[in-house]
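**Student:** Below you'll find the structure I mean.
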Amino acid sequence: MVTVKTSPPRSPSLSLPSFFTSSYTLHSHNTYIQTQTPPQQEATQKKTMAAGGGNVGKSDDFQPFPVKDQLPGVDFCVCTSPSWPESILHGFQHYLVMLGTTVIVSSTIVPLMGGGNVRKEGFNSNPFCYFAYFFLINSMYGLSELKQTEKAEVINTLLFVSGLNTLLQTFFGTRLPVVIGGSYVFIIPTVSIALSSRYSFLTDPNERFKESMRDVQGALIVASFFTMTIGFFGFWRVFARFFSPLAAVPLVILTGLGLYSRGFPQLARCIEVGLPALIAVIFFSQYIPHLIKSNRAIFDRFAILFSIVVIWVYAEILTAAGAYDNSVSRTQFSCRTDRSGLTNAASWIRVPYPLQWGRPSFHAGDAVTVIAASFVAIIESTGTFIAASRYASATPIPPSVHSRGVGWLGVAILLNGLFGTGTGSTASVENAGLLGLTRVGSRRVVQISALFMLFLSVFGKFGAILASIPLPIVAALYCVLFAYVASAGLGLLQFCNLNSFRTKFILGFSLFIGLSISQYFNEYLLVSGHGPVHTQSTWFNNVMQTIFSSPATVAIMVAFFLDCTHSYWHDSVRQDNGSHWWEKFRSFNADTRTENFYSLPANLNRFFPSF
């Protein structure tokens with residue numbers, strides 16, 4: 001009689017990644033059970049269950065999910081498109097989503113640049129104090145006593161330039177379906193310029209607006225050459241070659257989560273409008289498609305359109321019924337649908353043109369501050385590019401394409417400076433989240449949205465009507481769309497070994513310190529009226545505040561440094577941080593799919609090769 005051992009055999013020593021070890025051990029265990037008699041099998045099963053092993057007899061329950069370098073489940077990837085009518089609707093939806101940031105940024109900077117109508121009583125002479133008050137208190141609902149003409153013109157100019165920049169990025173940049181629009185990053189340097197003491201002798205608000213806008217234009221033009229140099233000369237390609245999935249995770253996560261203050265805190269300014277909008281977006285996109293079976297995805301793809309229309313009509317009814325007639329001023333600005341003032345101020349037809357505010361002026365301190373903002377815009381745009389590539393079901397972005405995209409981002413900032421938008425450009429985070437919500441990652445759809453930006457910026461009255469959407473509705477959209485970008489970063493964890501304590505430390509520490517440092521800088525600014533770095537050099541203070549108030553920037557600096565230095569000489573590091581998964585995408589020609597997604601049109605790769 002053959003005696004069968006009563007303990008499973010040891011798994012042979014194999015040089016496999018640790019996340020495959022569990023499935024191999026399970027297979028060895030199941031093979032061992034099959035060699036036992038029925039009583040012995042039952043005893044072994046009970047022993048395993050008692051030890052917390054679960055039902056080991058079903059190996060499928062314990063198989064790890066396979067790693068996917070392209071996200072499955074996407075209906076339309078970069079190279080495919082829905083039908084033309086559906087593409088137009090999707091493009092209009094992208095246009096509506098990017099309107100929010102355009103209006104908020106312009107509504108923040110233009111009143112401060114106008115100068116004469118800004119109430120300054122009760123504040124010290126530090127420009128950050130004004131910034132803290134206006135941006136954190138008033139940016140979401142505007143001020144009725146301010147002239148609206150300049151604001152409407154700046155909004156239309158920013159929309160026009162965003163349309164141009166989006167077309168350039170989708171045709172010649174990364175070629176990903178990303179919208180290039182206005183950025184919050186440039187608000188600190190713009191406000192610092194607008195409230196500079198060198199304009200104190202100007203009493204005419206319109207003249208002050210033009211003078212400060214010219215200084216902002218000059219700083220943006222100088223910063224654009226810095227960004228183009230980083231991109232077109234390949235410096236960002238060098239950085240991207242050492243960029244691992246482990247370092248990308250905190251970058252992409254905080255690109256989305258770092259904007260949390262734009263979500264529910266702004267939604268709550270008018271909770272009776274914002275909260276129904278949030279519920280409507282979730283209901284239309286996540287529940288109705290499962291309750292109403294259809295061969296065509298309608299509600300989940302156009303949840304943004306349905307939600308805006310329904311809640312906007314609801315807000316109009318509340319306004320017409322007099323629900324806010326006796327409310328305080330702040331509530332009326334947030335909730336009423338007739339307080340934006342943009343429709344009356346906007347021109348019927350006006351084509352923005354370069355140098356429309358006059359010849360740009362150049363100051364070294366202003367340029368250095370805007371260069372710092374451009375650096376932050378590069379980093380945050382990189383996180384958005386990665387999220388967009390995932391939701392467009394494209395392969396990981398080659399370093400050369402990263403660098404090409406940054407170069408064209410510099411061209412975008414140059415156009416911002418020439419046209420006078422008052423702010424620089426970055427890849428739109430909310431539009432990247434919309435790719436995930438709709439599962440439509442088509443390049444053509446985003447190009448159509450750029451045409452909407454161009455058309456509705458020229459015919460200003462029509463664009464002003466859409467720009468008058470109550471901003472708590474926009475904040476409700478952000479709650480969902482920013483979350484999608486953050487989840488794209490979480491999806492990159494599949495490439496990493498989460499059983500490694502090195503991985504746990506780098507992930508946890510970079511995420512925590514990215515949120516903690518930025519929160520410290522922002523709170524210090526709000527309480528003290530200036531940043532924690534408070535020297536005699538204003539430009540240096542602005543640079544430090546701009547960089548360290550960005551959660552994504554702080555997180556990637558920490559994660560990248562730790563990933564390149566912590567135990568890097570160990571053989572297991574390249575597997576633990578996921579570099580081996582992205583290795584074949586380091587070169588443009590190493591994978592045949594790369595050319596399908598990222599090659600330039602009209603065979604331009606012959607003249608502008610990617611390495």
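Each residue, glycine too, has its Cβ placed from N, Cα and C.
From TrEMBL, for reference:
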{"type": "COMPBIAS", "residues": "36-48", "note": "compositional bias 'Low complexity'"}
{"type": "REGION", "residues": "36-59", "note": "region 'Disordered'"}
{"type": "TRANSMEM", "residues": "95-113", "note": "transmembrane segment"}
{"type": "TRANSMEM", "residues": "125-143", "note": "transmembrane segment"}
{"type": "TRANSMEM", "residues": "155-172", "note": "transmembrane segment"}
{"type": "TRANSMEM", "residues": "178-195", "note": "transmembrane segment"}
{"type": "TRANSMEM", "residues": "216-236", "note": "transmembrane segment"}
{"type": "TRANSMEM", "residues": "242-261", "note": "transmembrane segment"}
{"type": "TRANSMEM", "residues": "273-292", "note": "transmembrane segment"}
{"type": "TRANSMEM", "residues": "304-324", "note": "transmembrane segment"}
{"type": "TRANSMEM", "residues": "367-388", "note": "transmembrane segment"}
{"type": "TRANSMEM", "residues": "450-469", "note": "transmembrane segment"}
{"type": "TRANSMEM", "residues": "475-493", "note": "transmembrane segment"}
{"type": "TRANSMEM", "residues": "542-562", "note": "transmembrane segment"}
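Relative to the rest of the structure, where do these features sit?
**Tutor:** A Cβ distance under 8 Å defines the sequence-distant neighbours of the transmembrane segment (273-292), meaning residues of its chain 6+ beyond its ends; these are 266-267, 299-300, 302-304, 306-308, 310-311, 314-315, 318, 334-335, 437, 470, 472-473, 475-477, 479-480.
Sequence-distant contacts of the transmembrane segment (304-324) (same chain, six or more residues past either end, CB-CB distance under 8 Å): 89, 92-93, 96-97, 272-273, 276-277, 280-281, 284, 331-332, 335-338, 434, 437, 469-470, 473, 476-477.
Counting residues 6+ beyond its ends, the transmembrane segment (367-388) has Cβ neighbours under 8 Å at 174, 176-178, 183, 185-186, 188-189, 192-193, 216, 218-220, 222-224, 226-227, 230-231, 236, 248, 251-252, 254-256, 397, 402, 405-406, 409-410, 413, 424-429, 432-433, 435-436, 441, 484-485, 488-489, 492, 539, 542-543, 546-547, 550, 552-553, 556 in the same chain.
With a cut-off of 8 Å between Cβ atoms, the residues of this chain six or more beyond the transmembrane segment (450-469) that come close are 91-92, 94-96, 98-100, 102-103, 152, 155-157, 159-160, 162-164, 166-167, 170, 179, 308, 312, 337, 340, 342-343, 345-352.
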**Student:** Honestly, do the transmembrane segment (242-261) and the transmembrane segment (542-562) touch, with at least three Cβ pairs under 8 Å and pairs 6 or more apart in sequence?
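**Tutor:** In contact, yes.
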**Student:** Need a quick answer: max count of Cβ pairs under 8 Å to the transmembrane segment (178-195), which of 95-113, 216-236, 475-493 is it?
**Tutor:** 95-113
**Student:** Below 8 angstroms Cβ to Cβ, which residues of this chain, lying six or more residues outside the transmembrane segment (216-236), approach it?
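**Tutor:** Residues packing against the transmembrane segment (216-236) from afar: 113, 186, 189-190, 193-194, 355, 357, 360-363, 366-367, 369-371, 373-375, 377-378, 382, 399-400, 402-414, 416-418, 420, 422-424, 611.
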